[in-house]
């Protein structure tokens, strides 16, 4: 294996800032252009000599600000402006059909039925994408207010929701990780410690993501901002090129392993993914309250998630093996990268201290009377006061403000449907159906969880899936007699695990598939096989662990 040097001259931006671009590529099944990914430099001094390159002096290179963009300019064309006509017509047709063609049950009021039609039309648009997610959610909110389906105050009430602002602030924390280079440094340390073999390298990357996850609440941002650039550097220097037969030497395995393991990292911590907080908020709207949510989530997820995290790289190593088994140069090259990065900077230390404070308050906040959102506000205030982030960083975090817009609309509409009895009517219908089959609650639990999981083949977004189906499936669980907290948590865990089913099933799926190291049949095949492995581990380990915790 040739010597290599992991690139540090460019630190990539958070790819989440422009989700519509990845969504457009997912739908057309085109990979993300390599020019949109960070430039990768190769080789140690010996390799530089062979290639005729002058040795690069060891110097400290400051990280690229997260607000900057890569230098590539050959992205073919900007996405088309305005609405996409066919998705628009289909989305509107869904709502109009429910409102005027579907028979209204006598136990549902006309007002509730009209709100359901607007909600379903909004959900259809979030899935089909006639406009970017935030824009379509705003149109749905406008339609609800203009048709007097919702009063103005009720329509905008969810914008003051604590959970929504916790998500927004968490995106700012993620920007701090990229801007300071702390996430890159942590991942590189694990490459140094565990990277002597291909399997060890995969474990190093997987474990480092689990460490970063609670403070970086976007799997897409972790994939594009931290891990894919490192994997590309390692792969290219080993002669493993994207969109080339040599991709199977190293790159395909590392990308697939990181892709499949990332869902377990997101499921391990409440703050590791935005959809986790959305799930618990929707559960709360249905009256399912999870006490001390950060700790309760971690306790329930810890054993099955860690077991899956440890099993995934090994199983893929056996069923999707790399051609290169040993990477003896990787630890030395990681050490060189760390040397080039220099000692831990003041801003990185501030980031470490702030995140330790925030996580401690998330864990012990209920005891001392500090809510999760207040803990996040205190952390962000420290980062602003000490100059780790400035206000322009916050303003430029488009994904945070976009999430605020559509998340608040979705939560507000779902809450109104609950208040008007739509959800209870749906759950009672399902309960009667399950009773007709004489299913016990464990059997009903398995059927509903499997259905919720497999339906994701029809979705191109985890959050869209949650918005469309989480409340309904949670109501079905409760109606079937499944313990309430177990139902809420199990559905939320599933929401993370199905993010690696296909090349379009999540934002990180687009990032990893777009790197050019994975063939489409391999993505579907390994996605399904790994899903079965996860179901087996979570089903067996989780059953005993959740019984021990008293969840049922």
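Just so you know, glycine gets a Cβ as well, placed from its N, Cα and C.
From the options 123-146, 195-218, 219-242, the stretch TrEMBL describes as transmembrane segment is 123-146. Cross-referencing 152-174, 244-266, 267-289 with TrEMBL places the feature transmembrane segment at 152-174. TrEMBL assigns the feature transmembrane segment to one of the listed ranges (43-64, 439-460), namely 439-460. Contact check: the transmembrane segment (370-391) against the transmembrane segment (439-460) gives fewer than three Cβ pairs closer than 8 Å, residues 6 or more apart, which falls short of the contact criterion. Contact count against the transmembrane segment (123-146) (Cβ pairs under 8 Å) is highest for 85-102, out of 85-102, 152-174, 294-317, 347-364, 472-493.
Against the transmembrane segment (403-427), the recorded stretches 152-174, 294-317, 439-460, 523-546 differ in Cβ pairs under 8 Å, and the greatest number is found for 152-174. Among the stretches 152-174, 347-364, 439-460, 472-493, 523-546, the one making the largest number of Cβ pairs under 8 Å with the transmembrane segment (294-317) is 523-546. Residues 173, 176-177, 179-182, 185, 214-215, 270-271, 294-295, 370, 372, 374-376, 378-379, 382-383, 386-388 of the same chain lie 6 or more positions beyond the ends of the transmembrane segment (347-364) yet place their CB under 8 Å from a CB of it. Counting residues 6+ beyond its ends, the transmembrane segment (472-493) has Cβ neighbours under 8 Å at 267, 275-276, 279-280, 282-283, 286, 288, 290, 296-297, 300-301, 304-305, 423-424, 426-428, 430-431, 434, 439, 441, 444-445, 448-449, 451-452, 538, 542, 546, 551-552 in the same chain. Nonlocal intrachain contacts for the transmembrane segment (523-546), taken as residues 6+ away from its ends with a CB within less than 8 angstroms of a stretch CB, comprise 256, 260, 263-264, 300, 303-304, 307-308, 311-312, 315-316, 319-320, 453, 486, 490, 493, 497-498, 500-503, 505, 509, 513, 552.
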